[in-house]
Each structure stands twice: as structure tokens, then as C-alpha cells.
């Protein structure tokens with residue numbers, strides 16, 4: 001029995017102990033379970049957590065609350081961001097409604113464009129520091145029509161608006177009929193240049209230039225990159241000083257035509273003088289302003305370049321201008337004398353005239369420019385003024401002339417007194433121009449002996465005494481030129497050029513630098529060589545030094561000086577008593593292409609000789625006798 005029990009126990013133990021196969025299968029089973037756990041770790045963890053939640057219901061509740069808080073926080077942040085965006089958009093829309101450039105857009109702009117336009121608008125408002133705008137000039141109790149009539153009545157003129165691009169008359173008041181005798185319908189839509197004097201067109205075009213007005217800015221859309229079209233209606237604009245305009249011009253006057261016989265016009269000069277009366281001098285005062293083309297009722301161009309461009313116009317009041325005639329003042333009331341400033345070339349030609357001269361002489365500045373002052377001097381005062389002309393070219397001091405007569409536009413003479421001084425270029429040491437301050441002298445000042453204006457010590461020399469005739473020869477009577485009033489001499493403008501040539505010759509012979517006309521046409525047309533004879537037939541001796549005559553042009557006696565070619569009787573002004581029409585005819589008769597080429601060749605030889613670049617100069621090719 002005991003042996004049977006031992007066998008049964010050993011058999012059971014063998015059966016219960018794992019064999020090699022069992023160990024392999026057991027190991028494979030264990031590894032398979034591990035792999036399943038690795039592949040299904042998340043599900044296992046979830047199951048474990050579910051088991052844990054089942055085991056702990058309080059933890060499950062906390063997890064649910066945490067997930068709800070996260071979801072609520074996300075929803076609250078989205079709502080906050082949405083409200084912030086809505087508020088910003090509302091502010092952007094409100095800002096766009098306040099900015100005129102944005103409000104005028106036909107489509108909605110992006111935020112960046114709105115902000116850019118707002119910044120530009122703020123800069124514009126900051127720059128508008130001048131409180132005097134157009135709206136401030138008009139009282140509140142006056143309407144626009146009442147104010148217009150009051151201004152026209154006070155100014156005694158007419159209001160007109162002219163486009164700066166083509167000079168088209170956009171508007172003119174009815175009062176233009178009282179001044180120009182044109183109706184309102186006759187002028188509106190016409191070109192202003194058709195009614196201007198031909199010599200004043202360039203001046204008016206210069207005044208219509210709108211380069212100094214406010215520049216127009218082109219806005220670019222940030223999304224499309226294309227220029228933004230603006231249809232902004234400008235508010236009250238500032239009257240900046242650069243936009244103001246004040247000028248004189250001559251306009252046609254529509255006077256009734258009267259049939260005149262041909263005998264009433266003996267010459268063409270008198271016809272031109274009669275035609276000159278059809279123009280009247282208008283003083284225009286106003287400013288430049290810009291309007292949208294749609295507001296003016298004009299046709300807009302559909303071109304892209306013209307988009308957003310405003311129309312620049314000249315708004316001005318035209319008044320009939322009449323020159324001031326000085327009246328004698330009775331009593332002890334002293335007022336400031338009327339004067340004007342002019343600038344002349346060294347030959348006496350006008351290169352600048354102050355606008356005050358129009359009120360005194362009735363000439364427009366553009367009428368005097370390019371003409372010689374000797375054309376307006378009385379023939380009895382030319383001798384004294386020519387001597388002053390020579391002195392001011394030779395000295396740096398101010399020269400005060402005696403009282404002289406100056407011809408004004410209507411043919412009469414006005415008494416003036418001038419102070420002349422020459423301006424010398426500090427670098428080239430050359431006289432560039434002469435500045436003249438001309439003061440009107442009243443009749444009572446001449447009669448009363450005002451110490452400010454010293455009396456003439458002697459009667460002024462006439463032109464004939466300054467320019468004596470040939471030795472023992474009788475004086476010729478000069479023919480009168482139709483259209484030129486008496487008191488002046490035809491060809492007197494030649495005197496200034498001859499004086500300039502004489503002074504240039506003096507400086508050149510002395511070896512000093514010539515005057516500023518060395519580079520001007522005066523030096524080309526004249527300047528005889530140093531060994532050439534003077535107009536009187538005298539020659540400069542070799543080695544001789546010219547002497548400046550002390551008496552100048554006023555002396556009537558001949559002074560022999562072999563070393564100076566232009567002294568008194570042999571002066572360039574004293575040799576020919578008839579320098580008027582005779583010298584002009586001689587100069588015109590000797591002008592030809594061949595003569596001009598020969599003259600230029602001689603001049604180039606002179607320049608090379610002065611610079612030491614050439615040999616002796618041959619004067620045999622000159623077309624005129626020396």
C-alpha cells in the first residue's frame with residue numbers, strides 16, 4: 001500500500017511539473033500577453049481608468065468638470081476676440097466716415113488704406129494753422145450774391161475766373177460791360193489770350209502757372225496696389241501767399257466802330273497809334289484756387305491719368321488802371337514822393353522796371369524792357385544825362401542827376417530826378433548793370449527852391465549843342481517821323497550804345513578789364529582796334545595813353561589830344577551832329593552776310609591777340625573804312 005502511494009504521488013508530481021514543451025508554450029503565452037498589452041496600451045489604460053472611475057466616482061466627476069472648464073474657457077476667449085474685432089471694425093468704419101477722402105469712396109476700403117488716409121488728413125489739419133480761411137472773410141449776415149455785388153461796387157471792376165490749363169474764361173461778371181464793352185455771354189467760354197495784347201500773353205501765362213499751389217497726392221490701395229480714385233469735395237481752402245496774383249495786362253476794348261476816311265490816317269504809324277487805343281490797361285488782383293471739374297460743370301476726361309485731378313483756376317478782379325498825374329500841392333503838407341526803380345544795361349537799355357512805374361509813366365513793364373532810356377529823354381536834357389551816364393560807368397559813386405523831362409505814354413513829359421549807381425561784379429571786376437532810382441519832382445518844388453532838389457545852375461544843353469555839326473557846316477533839319485511826338489529825337493537810343501563803346505575802348509586801351517559788355521553783343525558790334533582811327537579821322541599814336549576828357553559831352557569846344565581818340569570834338573558823340581536816322585541807315589546799309597562773316601573773323605583775331613594766341617591782326621578785310 002505504501003509503495004502504491006509513492007508511485008501515485010510521483011506520477012502526480014511529474015504531471016504537475018512543467019516540461020520543455022510546457023515551458024515554451026508558457027513563455028510564448030506570456031510574451032503574447034505582453035505584446036497585446038503593448039499594442040493595446042491605451043485601451044488597457046482606458047479600461048484601467050474606467051475600472052478606477054468605477055471604483056472612484058468622485059475622480060470621474062472632477063474629470064468631467066475639468067473638461068467643461070476648458071471648453072468654457074475656449075468659448076469665452078472666442079467671444080472676447082469676436083467682440084474686440086467687432087469693436088475695432090466699428091471704430092474703423094467711424095474713422096472712415098470722418099475722413100473726407102474715405103467717405104467719398106464708392107467702395108469699401110481696407111483697414112490699412114483707411115488708416116493711411118486718416119494720417120494724411122490729420123497732417124493736413126495740422127498744417128492748416130492759418131485761421132484766415134475763405135469762410136472767415138464773409139460776414140454771416142451777407143449772402144454770396146450780396147457780397148459779390150458789394151465787392152464789385154467797391155472795386156469798380158469786374159470779377160472773372162480763368163482756367164489755368166488753357167486760359168479759358170469760366171466766369172465773368174456782368175460789370176465787364178462797363179469797362180471792356182463786352183457782354184457776359186460774349187466772354188464766357190472764350191480764351192483769355194484772344195483778348196490780350198500780344199506782348200502780354202507770356203506775362204499772363206506766367207501768372208496762370210499753378211506750380212506753387214498745394215500738390216495733389218496719389219493714394220495707393222494696399223490690397224490691389226492700384227491708385228485710388230478720389231471724388232473729394234474740398235472744403236474752405238487757405239489763401240496761401242504763394243497763390244496770390246497781381247499783375248497788369250492790356251485787354252481789348254470793344255469800342256463802337258466808326259467809319260473813318262483814309263485821309264484821317266496819313267501814315268501807317270498813326271494807324272498803329274489808333275489801334276493801340278483799342279486796348280485798355282487792366283490791373284488784375286486775385287488768387288489761384290482748385291475746384292473739382294464736376295463742380296464747375298465741365299466735361300471730365302475718362303483717362304486714368306486725369307482721375308482725381310482738380311481744376312486750377314485764377315479768381316481775380318480786373319480794374320481799369322489809369323496812371324497817376326502828380327498834382328501841385330499847395331501848403332506845407334509834405335508827403336512821400338512817388339518813385340520807381342529801374343535797372344539798365346551799360347548801354348542804357350531797360351532790363352528791369354518796378355511795377356510802380358506803371359502808375360507814374362502809364363507804361364507797362366514789358367513795354368519798357370529792351371528799349372533805351374534815351375528814347376524817352378527830352379532832347380534838351382540828353383547832354384546832361386549822357387555825361388552822367390559816362391560818369392556812372394567810370395566811378396563807383398552814386399551820381400545824382402538834375403531834374404529832367406521823361407516822356408510818358410500819352411506823349412507828354414513828366415519831371416524826374418534820378419540817382420544812378422553801377423553794380424560791379426566782385427569776381428570779374430566788370431560793370432554788370434546800372435541801378436536808377438527815379439523820383440517824381442512836382443512843379444511847386446521846382447518853383448519854391450526846395451533844398452532837397454537843388455536848382456539847375458545852367459540851362460540844359462540841347463542835343464544839337466552836344467552833337468555839333470561839322471566845322472563851319474550848317475545844321476541840317478531832321479525830318480519828323482510820323483507817330484513820334486515832339487520833344488524827342490529819332491535815333492536817340494543809339495547814344496547809350498556809343499557811350500558804352502567809348503568806355504569799353506578806354507578800358508581796353510589802358511589794359512584794364514573791359515566792362516560787362518565784353519561778353520555782350522555790344523562788344524561784338526563795336527570796339528575798334530587800338531591802332532584804328534577815330535570817327536573823326538584821328539589815329540592813336542603808338543605808345544600814346546588816352547586821357548579821359550574832363551568836360552565830357554557837355555563841352556562844345558574842341559580840345560586836341562593826339563593820344564585820345566574820343567576827346568570832345570573828336571568824340572564819338574561829337575563828330576556827327578546827325579546821329580539819328582543817318583547812323584541807323586548807314587548801319588543797316590552795311591549789314592550783309594559777307595560783312596558779318598568778315599566782322600566775326602576780325603573779332604576772333606582780336607580775341608586771340610588779347611589772349612596771346614595769335615599774331616598781328618590784319619584789318620584789311622573789314623567791310624567798313626577805318
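Indices start at 1 and increase along the chain as displayed.
A Cβ is built for glycine as well, from the same backbone N, Cα and C atoms used for every other residue.
Given the structure is predicted, the values throughout are model-derived calculations rather than measurements.
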Where Swiss-Prot places region 'Disordered' among the ranges 422-457, 458-493: 458-493
Per Swiss-Prot, the candidate from 38, 259, 289 carrying the annotation SUMO2 cross-link: 259
Any idea which of 36-41, 42-47 is down as motif 'Nuclear localization signal' in Swiss-Prot? 36-41
Looking at 361-369, 370-378, 379-387, 388-396, I want to know which stretch Swiss-Prot calls motif 'Nuclear export signal 2'. 361-369
Here the Cα-Cα span from residue 80 (site 'Interaction with E-box DNA') to residue 90 (phosphoserine), rounded to a whole number of angstrom, reaches 15
Integer Cα-Cα distance in angstrom, residue 81 (site 'Interaction with E-box DNA') to residue 125 (site 'Important for interaction with CLOCK'): 34
Report, as a single number, how many Cβ atoms besides its own are within 10 Å of the Cβ of residue 90 (phosphoserine). 10
So what's the average pLDDT for the motif 'Nuclear export signal 1' (142-152)? 77
Look up residue 78 (phosphoserine) in the DSSP assignment and reduce it to helix, strand or coil. helix
Does anything in the same chain, at least 6 positions from residue 78 (phosphoserine), have a Cβ under 8 Å from its Cβ, and if so what? none
Rounded to a whole angstrom, what is the C-alpha distance between residue 77 (site 'Interaction with E-box DNA') and residue 85 (site 'Interaction with E-box DNA')? 12
Whole-number Å value for how far residue 125 (site 'Important for interaction with CLOCK') lies from residue 90 (phosphoserine) (Cα to Cα): 23
